[in-house]
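**Student:** One structure, as structure tokens, below. Some questions next.
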Amino acid sequence: MTALAIERAPPPTRPLRFLLTAPLWGALAGGLLLAHGEAALLSRWSPVTVALVHAFTLGVLGNAMLGSLLQFLPVVAGVRIAGARFAPALHALYNLGVAALVAGLASGQRVILLPAAALLAATLGGFALAALAGFRARAELRLVRAGIVAALLFLLATVTIGVALAGTLAGQWAVALARWTDIHAAFGVLGWVLLLTASVGSVTMPMLQGTAPVPRAAFAAWLLVMVLALIAGAALRALELGGPAAPLVAMAPVLPFALAALGLQARAPYRRNPTLLRFWSTGLCALAAAALLLVAAPVLPGPRLAMLIGALVVAIALPWLVLGMLLEIVAFLGWIRLHRECGRGMRLPGVHALLPERDKARVLVLHGLAGSLLLAAVLWPRPWLAALTGLALTLAYAATWLVLLGVRRRADRFLVVVRSAR
């Protein structure tokens, strides 16, 4: 079991800002779908679709990734993030950039796109560089640290390409949109989000799900193959070589990751946190399904296939992996707050008392319903089905936000009792 250095944890409010904002963006994504209907599900190149994708990738996943790293890096990886005290400003500016980008894409106001991209580049790039600077000090968990470093480097590449694409859409310069959009998506979704999730998951799966430790040699091999596959796939796409082979090369390590993680869950000797297990198993199955559909794409032609793969990865698989962890992290942050305010010698409520399993299970059911409707709406885009899906997504993410707020409410209630007894 990896040791947690609780004394190195930042003030809980720093990561909480980001973690509590993530589900609000999910609710906004549902609102976008509710407002625009099936137009958001017809083509990956539709401005509303691109706005919806960035609401998920930057709003939901981005906030969750930043908040998680603010907590994980010092506590588990022993990495001190330079300037972490400026997290409130980072949070405000980053989400302002996300809001401007999503609004510019959805409304067609392209003049907003370049300033929004510049703001996102400054915040994400600044965070990545500050985090990378902390990796200079030697510490344990070298493989995990290597995976996080690679993810941060892919984040920097994603941001750079994103600025180039935003400038092209705004008419400031010209790059090959289709080609570099594909590379931007691969680096952001697979290189940043999935690589980071897998690296952190190699620690948290044994810790929180009760699986056996991730084999070091297998994880090292996968990490190397993942990085090389992304670079090779990007090179093929940039040079317009290989045709349909480019996405297959980039996506090749995804299926082994999903199957290996599912195997670890199936053979877990000490199963715990059942809702987290279900979030992850469902997300991993969605990820595996997306990889298999991409392999089968040459023999399964059709306009809906690309949208289906995108929905599985961006709106279901990765958010589910992240949401399952987010529920656990917020409960843990609530416990850290009580630990610091009450001091030693006080019996504190556990993390499961701060966020009961039944609340997490209700959130899981709502997301399951929303995800099922989304897949149906992608395959059979109808106005009523798209609207119903948007409503279901909004309700699922709003319920997630309220459940997370319940951690603070229970902690406040405990503190009132403690203070009244003194």
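Using the three backbone atoms N, Cα and C, a Cβ is placed for every residue, glycine included.
Pulled these features from TrEMBL for this protein:
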- 55-79: transmembrane segment (TRANSMEM)
- 86-106: transmembrane segment (TRANSMEM)
- 112-135: transmembrane segment (TRANSMEM)
- 147-171: transmembrane segment (TRANSMEM)
- 183-205: transmembrane segment (TRANSMEM)
- 217-239: transmembrane segment (TRANSMEM)
- 245-264: transmembrane segment (TRANSMEM)
- 276-299: transmembrane segment (TRANSMEM)
- 305-338: transmembrane segment (TRANSMEM)
- 363-380: transmembrane segment (TRANSMEM)
- 386-407: transmembrane segment (TRANSMEM)
**Student:** Does the chain bring the transmembrane segment (386-407) near the transmembrane segment (305-338), so that three or more CB pairs sit under 8 Å (pairs 6 or more apart in sequence)?
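**Tutor:** By the criterion, they touch.
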**Student:** Six or more residues beyond either end and a Cβ under 8 Å away: which residues meet both conditions relative to the transmembrane segment (276-299)?
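**Tutor:** Beyond its ends, the transmembrane segment (276-299) has Cβ neighbours at 194, 205, 208-209, 244, 247-248, 251, 254-255, 257-259, 261-262, 265, 268, 305, 308-309, 312-313, 316-321, 323-325, 327-328, 360, 364, 368, 371.
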**Student:** Please work out which recorded stretch in 55-79, 147-171, 183-205, 363-380 has the most C-beta pairs separated by under 8 angstroms from the transmembrane segment (245-264)?
**Tutor:** 183-205
**Student:** Within the same chain, where does the transmembrane segment (86-106) have neighbours whose Cβ lies under 8 angstroms from its own Cβ atoms, ignoring anything closer than 6 residues to its ends? I mean 6 or more beyond.
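**Tutor:** Cβ under 8 Å, 6 or more out: 10, 14-15, 17-18, 21, 25, 28, 32, 36, 47-48, 50-51, 54-55, 58-59, 62-63, 66, 70, 112-113, 115-117, 119-120, 122-124, 126-127, 166.
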**Student:** If I count Cβ-Cβ pairs under 8 A between the transmembrane segment (183-205) and each of 55-79, 112-135, 217-239, 363-380, which range comes out on top?
**Tutor:** 217-239
**Student:** Determine which residues of the chain contact the transmembrane segment (217-239) at the Cβ level, with the cut-off under 8 Å and only residues 6 or more beyond its ends counted.
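**Tutor:** Here the qualifying positions are 143, 146-147, 150, 154, 179-180, 182-183, 186-187, 190-191, 195, 198-199, 202, 245-253, 256-257, 260.
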